[in-house]
Each structure stands twice: as C-alpha cells, then as structure tokens.
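The next block holds one structure in the form of structure tokens; read it before the comments.
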Ligand SMILES: Nc1nc2c(ncn2[C@@H]2O[C@H](COP(=O)(O)OP(=O)(O)OP(=O)(O)O)[C@@H](O)[C@H]2O)c(=O)[nH]1
Ligand SMILES: Nc1nc2c(ncn2[C@@H]2O[C@H](COP(=O)(O)OP(=O)(O)OP(=O)(O)O)[C@@H](O)[C@H]2O)c(=O)[nH]1
Ligand SMILES: [Mg+2]
Ligand SMILES: [Mg+2]
C-alpha cells in the first residue's frame, strides 16, 4: 500500500471496495466494457472470448469496483451463480443488435433473478443495451420491453444505451450504479 | 503399538499441521469469499489444503468444487505469494474438482501479462486444467510462450507441453517449430527442455530421431543437461540397432568438459547390452578417475555405477580394485558400503572374510537402504562361492537380530530363503536362523512367509520334530494371521511325517479352542483330513493345496449361488491360477527389495480375458475359460501394412482365436474385418466375430471360434489364415472415408495349435506326494533318444517349453557337473485332469530320456506321452 493511500485510508477517505458480477450472453461486449472502464495504461492486450471469468478492477469517484467478468458462452453460464453470493451489484450486458437472441438473454436474466443468492438481496442491476452504434440496433426502451424489465419490482434497475468501443453511455450507467451501491451501503450502516 | 504411539507424539510436536481436520479446513476455506481479502490468512488456509491433499486425504467432488470456486475469488488479490499459492492449489485440485476450466481466462491473462513472476506458474496451472477440446483456444499462447525470451516462461511452456503430449499428442506435434527455435536458446535449462520436447514429438519416427541426434551432435549444444539427454537418446537408438556413429558420439562425450556429461557417457557405456572389452575400457577408466575425485558426489556416482555392473563386467571392475580399496575407509559411509560390496562381488574367495569384517565394523552407521545393498552383495557372493554359505548365514542372522525396517528385514529373509533353496547344504542352518527370527518378529508378512516355508521344507529335513516347537509357539503368542499360517504349517508336518502325526493331532485339537474363526476352521479342516489317514487326501488338500484362480473361484461361486441347482459345485469348472510370468526367469541377483513383488494383482491377465470374452454374445456358453496363451503369436512381419497377432483361448470343447489387428495405413479404413481359417484335421471352424472397422493406428479385435475334434487324443493341428476385409480409401488428415469400398484379403502366417495349448501349468510344492496321489492307473512310460540335444540343460528347456508344464522341486535347474538328471513336471489337462511327468535324462553323446506320465485321465496320459515322439 502506497503512502498516499495509506494516509487516505487513515483519514477515512479510502474508497470502499465493492464487488459486481458482469453477466450477459457471449459476444455482448462485457469484457470490452470492463476494459474501457479501466485507465488507459492498465488495459491489457486484445479482447478474446472469455473462458470462465476475469477479475478486473476499476474506480469511480466514490468506489473501488472489483468486477467478475463472466464468460457468456452457453456451457459456462451455469457457473455464474458461484459468484452471486458476495456481489453488491450486477451489470447485465445486452447486445442490442442481436435481436435473434434477445429471448435467450431474457431466459438467462430470469434464471439469475430466481437464484436464491440474488432473490433475497436488494441489489442494483445495471443493464447496458450495448452496441448502439450498430445499424438497426434496438433502443434501450425497446430492449427493456423485450426483456420485460418492468416486472422487476424488488430491485433498483436502470438501462442505458452504450457503445463500448468509444465508451459512450458507460459513464452514465456506472454513475447510477455507484450511487445505488453507496445508498445501500449507507442504509446498512444505519 | 507402543512404538507407534511414541512416534506419533514426536511427529505431532514438530508438525504444525498435525491433526488437521479436513472438514474444518474446508469450512475455513469459505474465508476466500470475503472481501477485502485477508492475504495472510488465505495463504495459510491454502497451505493446509495442499497439506491435506498431499497426505492422501480424500476430498469429494462436491466439497472440492465448492472450495475451488471459493479459491477463484482470490484472483482479485494482486499479492505475489497468494497468487502463487493459488496456482499450486489449482494444480492439485485440477482432477478432483469439477468445472476447473473456470480459471482459464484468469490464467491466460497471467501467462501473457506483465508480471514475470506469474507467467511461468500460470502456464503450468493452465496446462493442467486444459483438456484436448480446450487446448485449441490456448495454442497460440503456448507457441508464443515456448519462444519467450524470459527463460522461466519458456521452460515452463516446454515442460508443460511434454505433459500435454500425453493426452493431446497431435496438437503438441504442431509446436515443433517453436521447440526447434527454443533449442537454440542460450539458457541451459531451456535448451534441455526444448530438446526433450523435440525428442518426444519425434520419438516414434526412428529416422527423425537419428537425424535429430546427428544434427545436435555436430552443432555442439551449450547445455550439459541437453548433452546428457542426447546421450540417452543415442543409447536407445543403439539398443535398437548397432549403429556405429552413435557409439562414437557417446564415446566422444567421455572427453567433454562437463563432469556431468562425462559421467553420463561412462554410465551409458558400461550399461550397454553388448560391449567389447575395448569399448568398455575408456568408460571404466573415467569412473576410476572419479573414484579418487575430491567431490563426494562424483565418488559416489562412480562407485555406485561400478557396483551395479560388477556382476556383468567383473574383469573391468576388478581393474578398479585398488581405487575401491581406498574408498573402503571413505568418511562417507554410503560410498564405503558401495565400495566394499563391489569388492565382495568381484573379489576372490580369500578376501571375503576380510571384507565382511570390515563392513561389520560400521553396519550400525549406515541407513537401511545401504544395508540392503550389503544384503544383495551377500546373496550374489553365496551364488559365486557356495562354500562360504556358513559365514554368510551367520552374518545374515546377526543382521536379522539388529534393528532395521521392514524393507531391510525382508531383503534379509528373501536372501536366506534364496540361499537355502539354491543350496541344499545351507537348508538346515537357514531354517534354524529363520526359526529364531520369528520368535521375535514384528512383521506379520515375514512371519507368515517363513511359517509357510517351514511347512514346505521342514517335514523333509532329517529331524522334522525340532521345528514343531517354534511353530506351535506362534500359535500361542501371535495375532490371528500368523496363528493361521502356523496351523497350516503344523498340518503339513502331520501329513508328511507319520511319526509326528499323533502329536500334531493333539496340537491341532487344542487350536480348535482358538478365538479366531479362521484359525479354528483351519484346525478343524486339517484334523478331519488327517484323521482319514489317506495319502491321496493329504496330498490334495494339505501338501499341495488348491490351484484355482481366486478371482475365478469367486466368480464361479457367485454364478453358482445365483442359479439354484441340484448338482453340487464342480471345482473343475473354476479356472486355474495362472503362473506369474517372472517365476522362472527372475534373476537371483535382484530378487530381494523393491515393493513390486509384494502385492499380487487381484485379477490375473486370464481373468481379464475371461471377462472380455464373456461379453461377446457369439462366444457365450463355451464353459469356463481353461487357458489363454501367454505370448501373442505374430501373424505378420513387423512394419507391414497390417499387423495381426493372435492369442489362443482354450475352452473345454472349443478354441477361440483372438486376433488383435492394427491398420498402419492412414489412407485406408478397413471394415468388416475377419480372419478366415480352413477346417483341418477334424477341427471345425464354427464362426467368426468381425471387427466392425479398423481405422489408422486404432487396434481392433476379431475372433474365430473352432470346435475341437471328437477324438480326445487329437489335439494338435496347423491352420492357414487369411485376413478378409472391405477397404475404403480415406483422407489421411480428416479420416473421412469414401462411401464405396472393395473387398480385399491379406495372407497371414500359419497358426499352430500345440499340446501346450491344452495344458495349464500348476506348481506341486510336494511332487512326490502328488505322484502317489494320482497313482499308476493311467501310467505310460517310454524311452527316447534325443539326438539333437547337446546338453541335459538344453533338453530340459525344450521339454518344458514343448509340454507347457510347470517344473517342480526346482528340477529345471540342472547342476553343472551331473551327467544324469530327473525333471518333474506338473500341470492340468483341458477338462481338469491332473498330469504329472517324470523325465529321467542321461547324457552321453546326445540325451536319452525315459519319460513316465501319470494322469487322472487315460487320454491325457496318451496325449502327453506321445507329445515328445
Ligand atoms: N460495434 C460494436 N462492437 C462491440 C461493442 N462492444 C463490444 N463489441 C465487439 O463485440 C465483440 C465481443 O466483445 P467481448 O467483450 O469479447 O464480448 P463478451 O461479452 O466479453 O463475450 P464472452 O467473453 O464470450 O462472454 C468484440 O469483437 C468487440 O469488439 C460495441 O459497443 N459496438
Ligand atoms: N518413414 C520414413 N520417414 C521419412 C522418410 N524420409 C523422410 N522421412 C521423415 O519425414 C520427415 C520429413 O523429412 P525431411 O527430410 O525433413 O523432409 P523435407 O522434404 O526436406 O522437408 P523440408 O525441410 O520442409 O524441405 C522427417 O520426419 C523424416 O524423418 C522415409 O523414407 N521413410
Ligand atoms: Mg468476455
Ligand atoms: Mg529439407
């Protein structure tokens, strides 16, 4: 631990560590999004389909995030649940240009929401309707309708359009998530 | 028991992990899920898990998987030590937990990342969790890593590739260019590992290996390790065929500047199968030089190598005698022991006493391992100088009395038994020492073994009575397995010596009050048999016990109980115990030590065949499998298009020929493969079971079923065989075959059925008793002149091989100076009839043989008696 951060934590200024899981079908752009959220110098090589998961860290103004970027390929999706228990939030990435598989995404979402470790907790879910730059991609409202997000009543959720290649839309989403997680943490303290 | 407790206490004091509980450690592992991560604590828990796994603790799949997934969360910590502990645990748990591929991306990231300390261990862990299907996805990274400029990374990738080659040889083969590049590395380890991989990839292509060796012997390698490997490869090539340049290369290494390489070359040369004295000399002088090196490792290596080859090249080793004498007093006792035992092996009879005295002066200072070396030296000495056996026996018995572990004690007991079996003069002294030893022997295995030996040998000594007390003491003092063995030994005395029978009966009656079921049952059983006073019963049930395969007996009894029937169980339907193959050929020098001979495989080879054959519906209902031929017969020349070898299975009225076929052409697929055999001599071919398809290098099996002739004396014939099949051409790369094929055939060598296919070897520990038991009712006798035999020894070997019977009473060993000899053979003929053969051989310009055959079946006698003619 460097001197400054040690000093900061002594002052009670150290950023709180929180965990999020990043879910979504394969090729939806999860790894691309998380990489974009890291400072430019910390980004590693090329992005390839994830096998299993990756752990990445990035910071916002108030929080230090540890993101478990899961693999979206079919045969690995049943492994997501191993990472639900300790998470403070979920980032669910949708490929808004992939209309064909929107129903698959919906099924996975439902499964996740019904998992015992998620169901009991009031944790925020952030949806990225990613790849907004692709022609004919669906708007966030359209995505929201197709996934029937309005049916999620017991958890705060938010959806925004994003382009992971440029970073457009990511800040808005992450700011929302930061605020939500912070709220929940302070409520817990009380 | 007392001893063990004390030991445990000591261990407990020194080992902080002593008494770890698996369940509580796995409970603790849930800490991994907590954030923030407590690095120190997690490292400690990982250490505990590693400890448990390495102690052989069984961890179930469910709990292992849970722990594994908890552990994956530790990837969020960047701590160097913690991460490396995680790699270790991943490797250990790779085969116990499920879905371990979950860490693939994490490890891939580490192996290509910026932290060099992570890269090599990440590669090793990644390769452990990756199977053939996943390997494609990391192939690119592996290729890069092999040629990485960081040595540890390159080495890790190369060694991991070697491991991967076991499961995915085809993928690893594609990395040959990278391996080739890595051989040029200026790091000695990378060069060594790269050469290892390169060799492994080309191992099966002899031409390529030759090229490889030729290439690297010319451009001299920098790494001495790589040089040593090259020497080993060259040796292998030499073993296969004597190529001149390879030997020259190895010899030139004797002049290399690295001692390691010089030693490797010398070691290689002295261990070669066929070397002339001239070839050997330079290697031996190198070892001789090392004997006086100031470095103990070199002295040790040299003297150990000389020790190993002392029996093979006594003359060459004697040349070093002076140097060895100097090493007798070496401060390093291991070196001294090896020096003395080498001298013992090669020295003259007169030096034995001096050397033995020398070695006894420090026996107490050396470890068990080296004490075993001494025991082995004594054993070979006894063979060389039979007259010295009394000194040796005394020495061995004093060693038996000293402290020492199980392996050491077993080596001594093995040696004593070996000596007394070889040398009848040593028998009584040997038995006496062993009797004394079992008076205070903590090893059940050794005690039961010695009791068995006493039962076998004791009754036939001049004074059998003196062993009874030693044996009966065991019945009073020991635990159940030893008591049971002692009871069996007592019964043998009763069965063989009439004068002892009344006392034995009394002793056995007392044993009937034993607490243990097995001991009591044995006593009751033997008492009842002995009470009949019938030699035949004694021989069949006490002196020469059951010969059936235990696994086979279990299966037959199970089968019998499944189907209720009026007929009593027929012991003849149980397959016989097959003789362990090494029985006759085991060289006496290395008979002791090593765990290999202790545990017998539960199911013998034949039991395995029986099961395989029973699963083929076309071959069901043939009755019990009587015999499977031990060595397969090659029906094709080596390195032809197709390889076919045959194993013959004998059933009560049928023969099944199992043809194991391999297709060595990668551009053909064979389908519906059968071996066609023609009816001959009343042997009737009933049907074939085809192999559906034979693809390149994947062996397949086809069977042919033949009914034996009605005439029970007609047992031998010769079959002509033809391989028949449909050929389809295929693409060598994809293995995709054409739709259309055509019929073709391939002529195989003729296949013989001989007398030995109808008999099974059986040991009769007491041949004379069996001879009486079977009796003279079906006795046949004949005399032959075996003009072509040049010695009795040669005649004995060929008779044994021809008849396929077991030599008993060590009668297969012909004393050198005798001009007459009697060979005792025993076996069981197809159908379960005992056959015994006594062949009296005399030598004077050719061998004359008087052969007497006894059997419980007249036809079996006839077949065996006419077999030689
Ligand atoms: N056009 C466009 N392409 C994107 C966008 N985000 C990601 N991609 C591309 O989509 C592909 C898949 O991105 P990844 O980040 O590997 O997807 P993932 O969700 O991590 O996939 P898995 O790891 O297999 O589950 C890559 O080729 C990205 O370059 C985006 O916003 N717009
Ligand atoms: N069994 C067998 N293998 C051979 C024979 N000739 C060459 N090989 C093997 O085929 C492989 C290629 O041999 P090379 O001599 O390197 O082939 P090349 O044509 O020079 O290949 P380039 O180096 O690409 O030019 C090596 O593994 C050789 O051992 C042969 O007649 N029989
Ligand atoms: Mg990904
Ligand atoms: Mg070439």
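Yeah, the Cβs are placed from backbone N, Cα and C, and that goes for glycine too.
Because the structure is a prediction, the values reported are computed rather than measured.
Taken from TrEMBL, the feature GTP binding site covers A:24, A:25, A:26, A:27, A:28, A:29, A:30, A:31, A:72, A:130, A:131, A:132, A:133. Under the DSSP three-state reduction, residue A:26 (GTP binding site) is assigned to coil, being neither helix nor strand. Listed in sequence order, the residues of the same chain lying 6 or more apart from residue A:26 (GTP binding site) and placing their CB within less than 8 Å of its CB are A:49, A:71, A:72, A:73, A:74.
Here TrEMBL flags A:31, A:50 as Mg(2+) binding site. Of all Cβ atoms in the shown protein chains, 23 besides its own fall within 10 Å of the Cβ of residue A:31 (Mg(2+) binding site).
Geometry remark: residue A:28 (GTP binding site) versus residue A:50 (Mg(2+) binding site), CA distance 11 Å. Cβ neighbours of residue A:24 (GTP binding site) (same chain, under 8 Å, six or more residues apart in sequence): A:30, A:72, A:92, A:93, A:94, A:95, A:105, A:108. Those residues noted as binding GTP (A:24, A:25, A:26, A:27, A:28, A:29, A:30, A:31, A:72, A:130, A:131, A:132, A:133) have their most widely separated CA atoms at a distance of 21 Å. Note on the binding-site residues A:30, A:131: the fewest other CB atoms within 10 A surround the CB of A:131. Listed in sequence order, A:30, A:31, A:69, A:70, A:71, A:72 are the same-chain residues at least 6 apart in sequence whose CB falls under 8 Å from the CB of residue A:50 (Mg(2+) binding site). Proximity to chain B, defined as a C-beta distance under 8 Å, is registered for the following binding-site residues out of A:24, A:26, A:28, A:30, A:50, A:72: A:50. Cβ neighbour count for residue A:28 (GTP binding site): 26 (other Cβ atoms within 10 Å of its Cβ, all protein chains included). Here the binding-site residues are A:72, A:133, and the one whose Cβ sees the fewest other Cβ atoms within 10 Å is A:133. Within the set of binding-site residues A:24, A:31, A:50, A:31, A:50 have a CB atom less than 6 Å from some atom of ligand 3.
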